[in-house]
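Features reported for this protein in Swiss-Prot:
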REGION    1-35  region 'Disordered'
COMPBIAS  12-22  compositional bias 'Basic residues'
COMPBIAS  23-32  compositional bias 'Polar residues'
MOD_RES   24  phosphothreonine
DOMAIN    44-101  domain 'Tudor'
ZN_FING   102-157  zinc finger
ZN_FING   201-255  zinc finger
COMPBIAS  360-374  compositional bias 'Basic and acidic residues'
CROSSLNK  360  SUMO2 cross-link
REGION    360-411  region 'Disordered'
REGION    424-486  region 'Disordered'
COMPBIAS  445-454  compositional bias 'Polar residues'
MOD_RES   452  phosphoserine
COMPBIAS  459-471  compositional bias 'Low complexity'
CROSSLNK  522  SUMO2 cross-link
(Lines of atoms letter the chains of each structure in order from A; the text may use other names.)
(Lines give C-alpha, C1' and ligand atoms only; values in the text may rest on other atoms or scores of the structure.)
Protein backbone atom coordinates (compact mmCIF):
# COMPACT_ATOMS: atom_id res chain seq x y z
CA UNK A 1 0.00 0.00 0.00
CA UNK A 2 1.34 3.35 -0.94
CA UNK A 3 2.23 5.67 1.90
CA UNK A 4 0.59 9.06 1.55
CA UNK A 5 0.93 10.35 5.09
CA UNK A 6 3.36 12.94 3.88
CA UNK A 7 1.60 13.86 0.67
CA UNK A 8 2.05 17.52 1.36
CA UNK A 9 5.73 17.11 2.10
CA UNK A 10 6.26 15.13 -1.10
CA UNK A 11 6.36 18.32 -3.15
CA UNK A 12 10.14 18.39 -3.18
CA UNK A 13 10.47 19.88 -6.65
CA UNK A 14 12.42 23.11 -6.94
CA UNK A 15 10.26 26.19 -7.13
CA UNK A 16 10.69 28.78 -9.84
CA UNK A 17 12.77 31.81 -8.78
CA UNK A 18 9.99 34.03 -10.15
CA UNK A 19 7.78 35.58 -7.51
CA UNK A 20 4.03 35.60 -7.96
CA UNK A 21 4.00 39.43 -8.40
CA UNK A 22 7.09 39.63 -10.57
CA UNK A 23 6.48 40.65 -14.19
CA UNK A 24 7.25 37.93 -16.67
CA UNK A 25 9.73 38.59 -19.47
CA UNK A 26 8.46 40.33 -22.57
CA UNK A 27 8.87 37.24 -24.68
CA UNK A 28 6.48 35.41 -22.37
CA UNK A 29 3.81 38.06 -22.26
CA UNK A 30 3.33 38.49 -25.98
CA UNK A 31 0.18 36.86 -27.31
CA UNK A 32 1.69 36.13 -30.69
CA UNK A 33 4.91 35.23 -32.32
CA UNK A 34 6.69 37.24 -34.97
CA UNK A 35 4.57 35.70 -37.73
CA UNK A 36 1.40 36.85 -35.97
CA UNK A 37 0.11 33.39 -35.01
CA UNK A 38 -0.60 32.26 -31.47
CA UNK A 39 1.84 30.01 -29.72
CA UNK A 40 1.07 26.38 -30.42
CA UNK A 41 0.07 24.28 -27.43
CA UNK A 42 2.49 21.48 -26.66
CA UNK A 43 1.11 17.99 -27.27
CA UNK A 44 2.33 16.69 -23.92
CA UNK A 45 4.17 18.26 -21.01
CA UNK A 46 5.36 14.92 -19.60
CA UNK A 47 8.51 12.98 -20.31
CA UNK A 48 9.52 9.38 -19.75
CA UNK A 49 11.60 9.01 -16.60
CA UNK A 50 10.08 12.13 -15.07
CA UNK A 51 9.23 12.07 -11.34
CA UNK A 52 5.65 13.18 -10.74
CA UNK A 53 2.91 13.15 -8.12
CA UNK A 54 -0.11 11.09 -9.15
CA UNK A 55 -3.49 11.30 -7.47
CA UNK A 56 -4.88 7.89 -6.59
CA UNK A 57 -8.50 6.79 -6.17
CA UNK A 58 -8.40 7.74 -2.47
CA UNK A 59 -7.80 11.40 -3.36
CA UNK A 60 -4.17 11.46 -2.16
CA UNK A 61 -0.96 12.09 -4.11
CA UNK A 62 1.78 9.48 -4.44
CA UNK A 63 5.29 9.83 -5.85
CA UNK A 64 6.05 7.88 -9.00
CA UNK A 65 8.06 7.79 -12.20
CA UNK A 66 6.64 7.94 -15.72
CA UNK A 67 7.60 4.93 -17.84
CA UNK A 68 5.24 5.23 -20.81
CA UNK A 69 3.09 7.96 -22.32
CA UNK A 70 -0.12 7.39 -24.27
CA UNK A 71 -0.94 10.61 -26.10
CA UNK A 72 -4.14 9.23 -27.59
CA UNK A 73 -5.66 8.38 -24.20
CA UNK A 74 -3.87 11.24 -22.44
CA UNK A 75 -2.44 9.01 -19.75
CA UNK A 76 0.92 7.93 -18.37
CA UNK A 77 2.09 4.54 -17.14
CA UNK A 78 3.61 5.22 -13.71
CA UNK A 79 5.66 3.03 -11.38
CA UNK A 80 5.22 4.07 -7.76
CA UNK A 81 7.64 3.83 -4.86
CA UNK A 82 6.15 0.54 -3.66
CA UNK A 83 6.77 -0.99 -7.14
CA UNK A 84 3.07 -0.93 -8.02
CA UNK A 85 2.17 0.13 -11.55
CA UNK A 86 -0.83 1.87 -13.04
CA UNK A 87 -2.04 4.07 -15.88
CA UNK A 88 -2.92 7.57 -14.66
CA UNK A 89 -4.73 10.27 -16.62
CA UNK A 90 -2.89 13.51 -17.27
CA UNK A 91 -5.45 15.45 -15.25
CA UNK A 92 -4.42 13.48 -12.14
CA UNK A 93 -0.66 14.06 -12.52
CA UNK A 94 1.17 17.00 -10.96
CA UNK A 95 4.66 18.03 -11.98
CA UNK A 96 7.15 20.49 -10.59
CA UNK A 97 8.38 23.67 -12.23
CA UNK A 98 10.05 23.17 -15.56
CA UNK A 99 13.79 23.72 -15.80
CA UNK A 100 13.48 25.92 -18.88
CA UNK A 101 13.16 29.68 -18.62
CA UNK A 102 9.69 29.72 -20.20
CA UNK A 103 6.62 29.63 -17.98
CA UNK A 104 3.27 28.50 -19.36
CA UNK A 105 -0.13 28.17 -17.74
CA UNK A 106 -0.69 24.66 -16.43
CA UNK A 107 -4.31 24.72 -17.62
CA UNK A 108 -4.27 26.34 -21.07
CA UNK A 109 -0.57 25.85 -21.85
CA UNK A 110 -0.35 29.49 -23.01
CA UNK A 111 2.52 31.76 -21.94
CA UNK A 112 0.98 35.23 -22.19
CA UNK A 113 0.39 37.27 -19.01
CA UNK A 114 -1.60 40.48 -19.22
CA UNK A 115 -4.22 42.09 -17.00
CA UNK A 116 -6.85 41.13 -16.11
CA UNK A 117 -5.60 37.59 -16.75
CA UNK A 118 -2.04 37.60 -15.49
CA UNK A 119 0.06 34.57 -14.71
CA UNK A 120 0.45 33.73 -11.01
CA UNK A 121 3.17 31.38 -9.75
CA UNK A 122 2.45 28.90 -6.95
CA UNK A 123 4.83 29.29 -3.99
CA UNK A 124 4.70 25.55 -3.35
CA UNK A 125 5.11 23.76 -6.68
CA UNK A 126 6.26 26.60 -8.91
CA UNK A 127 3.53 26.00 -11.48
CA UNK A 128 1.96 28.96 -13.26
CA UNK A 129 -1.77 29.67 -13.58
CA UNK A 130 -3.71 32.38 -15.33
CA UNK A 131 -6.11 34.21 -13.04
CA UNK A 132 -9.13 33.07 -15.05
CA UNK A 133 -7.83 29.56 -15.74
CA UNK A 134 -7.45 28.61 -12.09
CA UNK A 135 -10.44 27.30 -10.12
CA UNK A 136 -11.54 29.35 -8.30
CA UNK A 137 -10.43 32.46 -10.16
CA UNK A 138 -7.45 34.20 -8.59
CA UNK A 139 -8.30 37.61 -7.17
CA UNK A 140 -6.13 40.54 -8.26
CA UNK A 141 -5.34 41.28 -4.61
CA UNK A 142 -3.20 38.13 -4.52
CA UNK A 143 -0.82 39.62 -7.07
CA UNK A 144 -0.21 42.77 -5.00
CA UNK A 145 0.09 40.86 -1.71
CA UNK A 146 3.27 39.51 -0.13
CA UNK A 147 1.51 36.50 1.40
CA UNK A 148 2.18 33.05 0.06
CA UNK A 149 -0.26 31.71 -2.47
CA UNK A 150 -0.83 28.01 -3.15
CA UNK A 151 -2.56 26.64 -6.20
CA UNK A 152 -5.56 24.32 -5.90
CA UNK A 153 -3.46 21.20 -6.35
CA UNK A 154 -1.04 22.17 -3.59
CA UNK A 155 -3.83 23.14 -1.19
CA UNK A 156 -5.34 19.68 -1.55
CA UNK A 157 -1.91 18.02 -1.35
CA UNK A 158 -1.08 19.75 1.95
CA UNK A 159 -4.47 19.37 3.68
CA UNK A 160 -5.98 16.06 2.56
CA UNK A 161 -5.13 12.97 4.57
CA UNK A 162 -6.52 9.62 5.62
CA UNK A 163 -9.44 9.93 7.99
CA UNK A 164 -10.42 13.39 6.74
CA UNK A 165 -8.85 16.68 5.71
CA UNK A 166 -7.42 19.23 8.14
CA UNK A 167 -10.00 21.34 9.96
CA UNK A 168 -7.77 24.02 11.45
CA UNK A 169 -4.98 26.24 10.19
CA UNK A 170 -4.50 28.58 7.21
CA UNK A 171 -4.36 25.74 4.70
CA UNK A 172 -7.62 24.32 6.07
CA UNK A 173 -9.31 27.67 5.50
CA UNK A 174 -7.88 27.82 2.01
CA UNK A 175 -9.26 24.33 1.35
CA UNK A 176 -12.72 25.41 2.45
CA UNK A 177 -12.57 28.26 -0.07
CA UNK A 178 -11.37 25.94 -2.84
CA UNK A 179 -14.25 23.53 -2.14
CA UNK A 180 -16.86 26.16 -2.96
CA UNK A 181 -16.26 25.48 -6.65
CA UNK A 182 -15.45 22.39 -8.69
CA UNK A 183 -12.73 22.25 -11.37
CA UNK A 184 -15.16 20.52 -13.74
CA UNK A 185 -18.81 20.65 -14.79
CA UNK A 186 -20.98 18.07 -13.05
CA UNK A 187 -23.53 18.25 -15.86
CA UNK A 188 -20.94 17.10 -18.40
CA UNK A 189 -20.13 13.86 -16.58
CA UNK A 190 -21.45 10.65 -18.12
CA UNK A 191 -22.72 8.38 -15.33
CA UNK A 192 -23.75 4.76 -15.26
CA UNK A 193 -27.33 3.72 -14.46
CA UNK A 194 -26.68 3.52 -10.73
CA UNK A 195 -24.85 6.89 -10.63
CA UNK A 196 -21.78 5.30 -9.11
CA UNK A 197 -19.14 5.65 -11.82
CA UNK A 198 -18.60 8.06 -14.69
CA UNK A 199 -16.67 7.77 -17.92
CA UNK A 200 -14.42 10.73 -17.16
CA UNK A 201 -13.21 9.22 -13.84
CA UNK A 202 -13.85 12.59 -12.24
CA UNK A 203 -15.07 12.76 -8.64
CA UNK A 204 -14.92 14.87 -5.51
CA UNK A 205 -13.66 18.43 -5.07
CA UNK A 206 -10.25 17.42 -6.38
CA UNK A 207 -11.56 16.03 -9.67
CA UNK A 208 -9.52 12.85 -9.26
CA UNK A 209 -10.46 9.19 -9.69
CA UNK A 210 -12.43 7.29 -7.07
CA UNK A 211 -14.07 4.01 -6.07
CA UNK A 212 -17.57 4.45 -4.60
CA UNK A 213 -17.39 1.10 -2.78
CA UNK A 214 -14.37 2.12 -0.69
CA UNK A 215 -14.16 5.30 1.40
CA UNK A 216 -16.38 7.81 -0.34
CA UNK A 217 -19.49 9.82 0.52
CA UNK A 218 -22.28 10.63 -1.92
CA UNK A 219 -23.92 14.03 -1.76
CA UNK A 220 -27.67 13.58 -1.46
CA UNK A 221 -28.27 16.65 -3.65
CA UNK A 222 -25.83 16.61 -6.57
CA UNK A 223 -25.19 12.81 -6.28
CA UNK A 224 -21.44 13.30 -6.74
CA UNK A 225 -19.02 11.13 -4.75
CA UNK A 226 -16.37 12.63 -2.43
CA UNK A 227 -13.21 11.12 -0.95
CA UNK A 228 -12.86 10.63 2.78
CA UNK A 229 -9.49 12.38 2.54
CA UNK A 230 -11.02 15.53 1.02
CA UNK A 231 -13.96 16.17 3.37
CA UNK A 232 -13.59 18.12 6.61
CA UNK A 233 -16.73 17.01 8.45
CA UNK A 234 -15.67 13.56 9.69
CA UNK A 235 -15.07 12.99 13.39
CA UNK A 236 -13.79 9.42 12.96
CA UNK A 237 -12.17 7.68 9.97
CA UNK A 238 -14.59 5.92 7.64
CA UNK A 239 -14.94 2.21 7.02
CA UNK A 240 -14.86 0.75 3.53
CA UNK A 241 -18.26 0.90 1.86
CA UNK A 242 -19.88 2.77 4.75
CA UNK A 243 -22.68 4.78 3.14
CA UNK A 244 -24.84 5.17 6.24
CA UNK A 245 -24.58 8.94 6.12
CA UNK A 246 -26.65 11.88 4.97
CA UNK A 247 -24.06 14.11 3.34
CA UNK A 248 -24.28 17.49 1.60
CA UNK A 249 -21.15 18.84 -0.07
CA UNK A 250 -19.82 22.39 0.26
CA UNK A 251 -20.89 23.26 -3.28
CA UNK A 252 -24.54 22.39 -2.63
CA UNK A 253 -24.58 23.94 0.85
CA UNK A 254 -22.61 27.02 -0.27
CA UNK A 255 -20.57 26.68 2.89
CA UNK A 256 -19.42 23.98 5.32
CA UNK A 257 -20.36 20.39 4.65
CA UNK A 258 -23.33 18.75 6.35
CA UNK A 259 -23.04 15.22 7.74
CA UNK A 260 -25.50 13.10 9.73
CA UNK A 261 -25.10 9.47 10.76
CA UNK A 262 -27.94 7.12 9.83
CA UNK A 263 -29.10 4.47 12.33
CA UNK A 264 -27.59 1.01 12.10
CA UNK A 265 -29.11 -2.37 12.84
CA UNK A 266 -27.21 -5.50 13.77
CA UNK A 267 -27.51 -6.89 10.26
CA UNK A 268 -25.94 -3.69 8.93
CA UNK A 269 -23.06 -3.95 11.38
CA UNK A 270 -22.43 -7.58 10.46
CA UNK A 271 -22.63 -6.84 6.74
CA UNK A 272 -20.40 -3.76 6.91
CA UNK A 273 -17.72 -5.45 8.99
CA UNK A 274 -17.68 -8.60 6.87
CA UNK A 275 -17.27 -6.42 3.80
CA UNK A 276 -14.35 -4.56 5.37
CA UNK A 277 -12.68 -7.81 6.38
CA UNK A 278 -13.03 -9.16 2.84
CA UNK A 279 -11.50 -5.99 1.38
CA UNK A 280 -8.61 -5.97 3.84
CA UNK A 281 -7.76 -9.68 3.92
CA UNK A 282 -8.85 -10.64 0.37
CA UNK A 283 -10.78 -13.72 1.45
CA UNK A 284 -14.44 -14.66 1.85
CA UNK A 285 -15.01 -16.59 5.10
CA UNK A 286 -14.23 -15.37 8.60
CA UNK A 287 -14.64 -16.85 12.05
CA UNK A 288 -17.73 -15.20 13.51
CA UNK A 289 -16.26 -14.97 17.01
CA UNK A 290 -12.49 -14.78 16.63
CA UNK A 291 -12.30 -12.55 13.54
CA UNK A 292 -15.63 -10.82 12.98
CA UNK A 293 -16.38 -9.94 16.61
CA UNK A 294 -12.78 -8.88 17.18
CA UNK A 295 -13.04 -6.46 14.28
CA UNK A 296 -16.43 -5.15 15.46
CA UNK A 297 -15.19 -4.51 18.99
CA UNK A 298 -12.00 -2.84 17.79
CA UNK A 299 -13.91 -0.52 15.46
CA UNK A 300 -16.98 0.02 17.64
CA UNK A 301 -16.46 3.79 17.81
CA UNK A 302 -15.90 4.07 14.05
CA UNK A 303 -19.20 2.29 13.45
CA UNK A 304 -21.16 5.04 15.24
CA UNK A 305 -23.85 2.47 16.18
CA UNK A 306 -26.23 5.07 17.63
CA UNK A 307 -28.89 3.39 19.76
CA UNK A 308 -26.81 0.20 19.83
CA UNK A 309 -23.77 1.98 21.26
CA UNK A 310 -24.64 1.06 24.86
CA UNK A 311 -24.85 -2.66 24.12
CA UNK A 312 -22.42 -4.50 26.45
CA UNK A 313 -19.56 -6.22 24.73
CA UNK A 314 -20.69 -9.58 26.13
CA UNK A 315 -24.08 -9.30 24.38
CA UNK A 316 -22.93 -8.14 20.96
CA UNK A 317 -21.98 -11.57 19.66
CA UNK A 318 -25.46 -12.94 20.31
CA UNK A 319 -27.08 -10.20 18.22
CA UNK A 320 -24.54 -10.50 15.41
CA UNK A 321 -24.88 -14.29 15.24
CA UNK A 322 -28.66 -13.97 15.10
CA UNK A 323 -28.39 -11.58 12.16
CA UNK A 324 -25.96 -13.90 10.35
CA UNK A 325 -28.36 -16.82 10.67
CA UNK A 326 -31.56 -14.90 9.86
CA UNK A 327 -30.43 -13.20 6.65
CA UNK A 328 -29.39 -16.20 4.60
CA UNK A 329 -29.79 -14.32 1.32
CA UNK A 330 -27.08 -11.95 2.49
CA UNK A 331 -24.71 -14.16 4.51
CA UNK A 332 -23.32 -17.56 3.66
CA UNK A 333 -22.37 -20.07 6.34
CA UNK A 334 -19.36 -22.32 6.07
CA UNK A 335 -21.50 -25.42 6.55
CA UNK A 336 -23.03 -24.80 3.11
CA UNK A 337 -19.68 -25.70 1.56
CA UNK A 338 -18.80 -28.36 4.12
CA UNK A 339 -16.72 -26.06 6.28
CA UNK A 340 -17.10 -25.10 9.91
CA UNK A 341 -20.53 -23.69 10.72
CA UNK A 342 -19.14 -20.71 12.64
CA UNK A 343 -17.51 -19.38 9.46
CA UNK A 344 -19.49 -16.71 7.63
CA UNK A 345 -19.05 -14.64 4.50
CA UNK A 346 -21.01 -12.43 2.12
CA UNK A 347 -22.81 -14.13 -0.73
CA UNK A 348 -22.03 -11.13 -2.92
CA UNK A 349 -19.17 -8.86 -1.90
CA UNK A 350 -20.91 -5.50 -2.02
CA UNK A 351 -21.32 -2.89 0.72
CA UNK A 352 -24.60 -2.75 2.65
CA UNK A 353 -27.44 -0.61 1.33
CA UNK A 354 -28.32 2.34 3.59
CA UNK A 355 -32.01 3.07 4.20
CA UNK A 356 -31.88 6.46 2.48
CA UNK A 357 -31.13 4.85 -0.90
CA UNK A 358 -33.45 1.85 -0.56
CA UNK A 359 -36.08 3.56 -2.71
CA UNK A 360 -33.64 3.62 -5.64
CA UNK A 361 -33.09 -0.13 -5.59
CA UNK A 362 -36.25 -0.75 -7.62
CA UNK A 363 -34.80 1.19 -10.55
CA UNK A 364 -31.19 0.15 -10.08
CA UNK A 365 -30.38 -2.88 -7.86
CA UNK A 366 -27.11 -2.68 -5.97
CA UNK A 367 -25.75 -5.80 -7.59
CA UNK A 368 -25.84 -4.29 -11.10
CA UNK A 369 -22.72 -2.22 -10.67
CA UNK A 370 -20.00 -3.37 -13.04
CA UNK A 371 -17.51 -3.89 -10.19
CA UNK A 372 -19.68 -6.47 -8.47
CA UNK A 373 -22.17 -7.61 -11.09
CA UNK A 374 -23.14 -11.26 -10.91
CA UNK A 375 -25.31 -12.55 -13.72
CA UNK A 376 -28.77 -13.74 -12.86
CA UNK A 377 -29.14 -11.74 -9.66
CA UNK A 378 -31.66 -9.03 -10.36
CA UNK A 379 -34.77 -8.31 -8.36
CA UNK A 380 -37.96 -7.99 -10.36
CA UNK A 381 -40.40 -6.99 -7.63
CA UNK A 382 -40.74 -3.50 -6.16
CA UNK A 383 -38.80 -3.03 -2.95
CA UNK A 384 -40.94 -2.00 0.00
CA UNK A 385 -38.66 -2.77 2.91
CA UNK A 386 -34.91 -2.25 2.85
CA UNK A 387 -34.47 -4.99 5.45
CA UNK A 388 -36.09 -7.55 3.17
CA UNK A 389 -33.86 -6.68 0.24
CA UNK A 390 -30.11 -6.84 0.12
CA UNK A 391 -28.04 -5.98 -2.94
CA UNK A 392 -30.77 -6.68 -5.41
CA UNK A 393 -31.74 -10.10 -3.96
CA UNK A 394 -35.23 -10.36 -2.55
CA UNK A 395 -35.62 -12.33 0.64
CA UNK A 396 -38.37 -14.96 0.53
CA UNK A 397 -38.42 -16.53 3.96
CA UNK A 398 -35.65 -19.06 4.27
CA UNK A 399 -35.73 -20.05 0.62
CA UNK A 400 -32.93 -18.49 -1.33
CA UNK A 401 -32.96 -17.70 -5.00
CA UNK A 402 -29.56 -18.19 -6.59
CA UNK A 403 -28.53 -18.09 -10.19
CA UNK A 404 -31.73 -16.81 -11.82
CA UNK A 405 -34.19 -13.96 -11.48
CA UNK A 406 -37.33 -14.61 -9.44
CA UNK A 407 -40.90 -13.62 -10.11
CA UNK A 408 -42.55 -13.14 -13.51
CA UNK A 409 -39.32 -13.65 -15.42
CA UNK A 410 -39.06 -17.19 -14.09
CA UNK A 411 -42.63 -17.97 -15.04
CA UNK A 412 -41.90 -16.80 -18.58
CA UNK A 413 -38.80 -18.96 -18.62
CA UNK A 414 -40.80 -22.01 -17.51
CA UNK A 415 -43.41 -21.29 -20.11
CA UNK A 416 -40.90 -20.91 -22.93
CA UNK A 417 -39.09 -24.07 -21.89
CA UNK A 418 -42.16 -26.19 -21.34
CA UNK A 419 -44.40 -25.23 -24.26
CA UNK A 420 -42.33 -26.97 -26.96
CA UNK A 421 -42.43 -30.14 -24.88
CA UNK A 422 -46.21 -30.42 -24.99
CA UNK A 423 -48.84 -31.32 -27.48
CA UNK A 424 -52.47 -32.29 -27.17
CA UNK A 425 -51.68 -35.95 -27.53
CA UNK A 426 -49.23 -36.07 -24.65
CA UNK A 427 -51.66 -34.21 -22.37
CA UNK A 428 -54.56 -36.50 -23.07
CA UNK A 429 -52.47 -39.63 -22.66
CA UNK A 430 -50.67 -38.66 -19.46
CA UNK A 431 -53.23 -38.23 -16.65
CA UNK A 432 -50.65 -37.64 -13.94
CA UNK A 433 -49.63 -34.40 -15.60
CA UNK A 434 -53.06 -32.82 -16.11
CA UNK A 435 -53.07 -29.23 -14.92
CA UNK A 436 -55.57 -26.71 -13.57
CA UNK A 437 -56.95 -23.96 -15.72
CA UNK A 438 -56.67 -20.21 -15.13
CA UNK A 439 -54.75 -18.85 -12.17
CA UNK A 440 -56.22 -17.15 -9.12
CA UNK A 441 -53.36 -14.98 -7.92
CA UNK A 442 -54.94 -13.82 -4.68
CA UNK A 443 -55.92 -17.30 -3.56
CA UNK A 444 -52.71 -19.08 -4.40
CA UNK A 445 -50.13 -16.84 -2.76
CA UNK A 446 -48.13 -19.53 -1.03
CA UNK A 447 -48.50 -21.80 -4.00
CA UNK A 448 -47.45 -19.27 -6.61
CA UNK A 449 -44.43 -18.19 -4.59
CA UNK A 450 -43.10 -21.69 -4.83
CA UNK A 451 -43.79 -22.05 -8.53
CA UNK A 452 -41.56 -19.09 -9.27
CA UNK A 453 -38.65 -20.82 -7.59
CA UNK A 454 -38.35 -23.70 -10.04
CA UNK A 455 -34.71 -24.36 -10.80
CA UNK A 456 -33.58 -26.04 -13.99
CA UNK A 457 -30.03 -26.59 -12.86
CA UNK A 458 -30.53 -29.47 -10.50
CA UNK A 459 -29.05 -29.81 -7.01
CA UNK A 460 -26.25 -31.51 -5.11
CA UNK A 461 -28.43 -33.60 -2.78
CA UNK A 462 -29.82 -37.09 -3.44
CA UNK A 463 -31.49 -37.32 -6.85
CA UNK A 464 -33.75 -39.75 -8.64
CA UNK A 465 -34.44 -40.14 -12.33
CA UNK A 466 -37.95 -40.68 -13.68
CA UNK A 467 -39.66 -40.34 -17.03
CA UNK A 468 -42.46 -37.83 -17.44
CA UNK A 469 -43.64 -35.08 -19.73
CA UNK A 470 -43.04 -31.45 -18.73
CA UNK A 471 -46.03 -29.19 -19.15
CA UNK A 472 -47.02 -25.60 -18.44
CA UNK A 473 -47.78 -24.90 -14.83
CA UNK A 474 -50.65 -22.74 -13.70
CA UNK A 475 -52.01 -21.70 -10.33
CA UNK A 476 -55.37 -22.34 -8.75
CA UNK A 477 -58.56 -21.07 -10.32
CA UNK A 478 -61.09 -19.02 -8.38
CA UNK A 479 -63.58 -21.88 -8.55
CA UNK A 480 -60.99 -24.18 -6.96
CA UNK A 481 -61.70 -26.74 -9.67
CA UNK A 482 -59.79 -27.92 -12.65
CA UNK A 483 -60.82 -29.17 -16.08
CA UNK A 484 -59.68 -32.65 -16.94
CA UNK A 485 -60.40 -34.22 -20.36
CA UNK A 486 -63.63 -32.35 -20.76
CA UNK A 487 -65.30 -33.05 -17.38
CA UNK A 488 -65.43 -30.98 -14.19
CA UNK A 489 -64.36 -32.64 -10.97
CA UNK A 490 -63.29 -31.49 -7.48
CA UNK A 491 -59.74 -30.58 -6.75
CA UNK A 492 -59.48 -32.25 -3.35
CA UNK A 493 -60.51 -35.83 -2.54
CA UNK A 494 -59.12 -36.94 0.85
CA UNK A 495 -59.52 -40.69 0.59
CA UNK A 496 -58.08 -40.90 -2.91
CA UNK A 497 -54.69 -39.52 -1.94
CA UNK A 498 -51.87 -41.08 -3.86
CA UNK A 499 -48.15 -40.83 -3.67
CA UNK A 500 -46.28 -38.06 -5.48
CA UNK A 501 -46.32 -40.06 -8.68
CA UNK A 502 -42.67 -41.12 -8.54
CA UNK A 503 -42.23 -44.15 -10.72
CA UNK A 504 -39.66 -46.82 -9.85
CA UNK A 505 -36.44 -46.54 -11.79
CA UNK A 506 -36.69 -48.52 -14.97
CA UNK A 507 -36.02 -48.21 -18.65
CA UNK A 508 -38.50 -46.20 -20.69
CA UNK A 509 -40.54 -48.63 -22.78
CA UNK A 510 -43.64 -48.34 -24.88
CA UNK A 511 -45.58 -50.48 -22.39
CA UNK A 512 -45.42 -47.60 -19.91
CA UNK A 513 -48.11 -45.81 -21.86
CA UNK A 514 -50.40 -48.83 -21.54
CA UNK A 515 -49.98 -48.84 -17.76
CA UNK A 516 -50.76 -45.16 -17.66
CA UNK A 517 -53.90 -45.68 -19.73
CA UNK A 518 -55.10 -48.41 -17.35
CA UNK A 519 -54.54 -46.17 -14.35
CA UNK A 520 -56.38 -43.37 -16.12
CA UNK A 521 -59.41 -45.56 -16.76
CA UNK A 522 -59.61 -46.68 -13.12
CA UNK A 523 -59.12 -43.17 -11.90
CA UNK A 524 -61.85 -41.76 -14.18
CA UNK A 525 -64.25 -44.44 -13.00
CA UNK A 526 -63.68 -43.56 -9.34
CA UNK A 527 -64.06 -39.87 -9.97
CA UNK A 528 -67.28 -40.38 -11.96
CA UNK A 529 -68.90 -42.16 -9.00
CA UNK A 530 -67.81 -39.61 -6.42
CA UNK A 531 -68.23 -36.49 -8.51
CA UNK A 532 -71.83 -35.61 -7.63
CA UNK A 533 -71.58 -36.64 -3.98
CA UNK A 534 -68.43 -34.66 -3.24
CA UNK A 535 -69.62 -31.54 -5.02
CA UNK A 536 -72.67 -31.48 -2.75
CA UNK A 537 -70.54 -31.86 0.37
CA UNK A 538 -68.07 -29.04 -0.39
CA UNK A 539 -69.57 -26.59 2.08
CA UNK A 540 -66.39 -25.09 3.41
CA UNK A 541 -64.33 -24.11 0.41
CA UNK A 542 -61.54 -22.58 2.50
CA UNK A 543 -60.84 -25.92 4.15
CA UNK A 544 -60.88 -27.57 0.76
CA UNK A 545 -58.39 -25.02 -0.53
CA UNK A 546 -56.01 -25.66 2.36
CA UNK A 547 -56.33 -29.37 1.79
CA UNK A 548 -55.69 -28.85 -1.89
CA UNK A 549 -52.49 -26.95 -1.14
CA UNK A 550 -51.31 -29.71 1.19
CA UNK A 551 -52.13 -32.54 -1.20
CA UNK A 552 -51.46 -30.83 -4.51
CA UNK A 553 -48.76 -33.28 -5.41
CA UNK A 554 -51.26 -36.16 -5.25
CA UNK A 555 -53.08 -34.96 -8.36
CA UNK A 556 -50.61 -32.96 -10.38
CA UNK A 557 -47.82 -35.49 -10.49
CA UNK A 558 -44.69 -33.93 -11.95
CA UNK A 559 -46.33 -30.52 -12.04
CA UNK A 560 -47.16 -30.88 -8.37
CA UNK A 561 -43.55 -31.51 -7.54
CA UNK A 562 -42.68 -28.37 -9.47
CA UNK A 563 -45.33 -26.48 -7.52
CA UNK A 564 -43.75 -27.57 -4.25
CA UNK A 565 -40.46 -26.07 -5.31
CA UNK A 566 -38.65 -29.28 -6.15
CA UNK A 567 -35.79 -28.70 -8.58
CA UNK A 568 -35.43 -30.78 -11.70
CA UNK A 569 -33.44 -31.04 -14.89
CA UNK A 570 -34.44 -32.42 -18.28
CA UNK A 571 -31.76 -34.91 -19.31
CA UNK A 572 -33.11 -36.36 -22.55
CA UNK A 573 -36.01 -36.44 -25.00
CA UNK A 574 -37.14 -39.22 -27.29
CA UNK A 575 -39.98 -40.16 -29.62
CA UNK A 576 -41.35 -43.71 -29.41
CA UNK A 577 -42.38 -45.86 -32.37
CA UNK A 578 -46.02 -44.90 -31.92
CA UNK A 579 -45.18 -41.19 -32.05
CA UNK A 580 -45.27 -40.42 -28.33
CA UNK A 581 -42.81 -37.92 -26.91
CA UNK A 582 -41.12 -38.90 -23.63
CA UNK A 583 -38.65 -37.05 -21.45
CA UNK A 584 -36.01 -38.20 -18.99
CA UNK A 585 -36.22 -35.95 -15.91
CA UNK A 586 -33.82 -35.84 -12.97
CA UNK A 587 -35.51 -34.77 -9.70
CA UNK A 588 -33.77 -33.28 -6.72
CA UNK A 589 -35.63 -35.55 -4.32
CA UNK A 590 -36.66 -32.90 -1.78
CA UNK A 591 -39.43 -30.29 -1.90
CA UNK A 592 -40.29 -27.21 0.07
CA UNK A 593 -43.70 -28.56 1.13
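Backbone N, Cα and C define each Cβ position, glycine as well.
As the structure is a computational prediction, the values presented were derived from the model and not from experiment.
Per DSSP, the zinc finger (201-255) is made up of 7 helix, 13 strand, 35 coil.
Within the zinc finger (102-157), the DSSP-based counts of helix, strand and coil residues read 11 helix, 9 strand, 36 coil.
DSSP assignment over the domain 'Tudor' (44-101) gives 3 helix, 28 strand, 27 coil.
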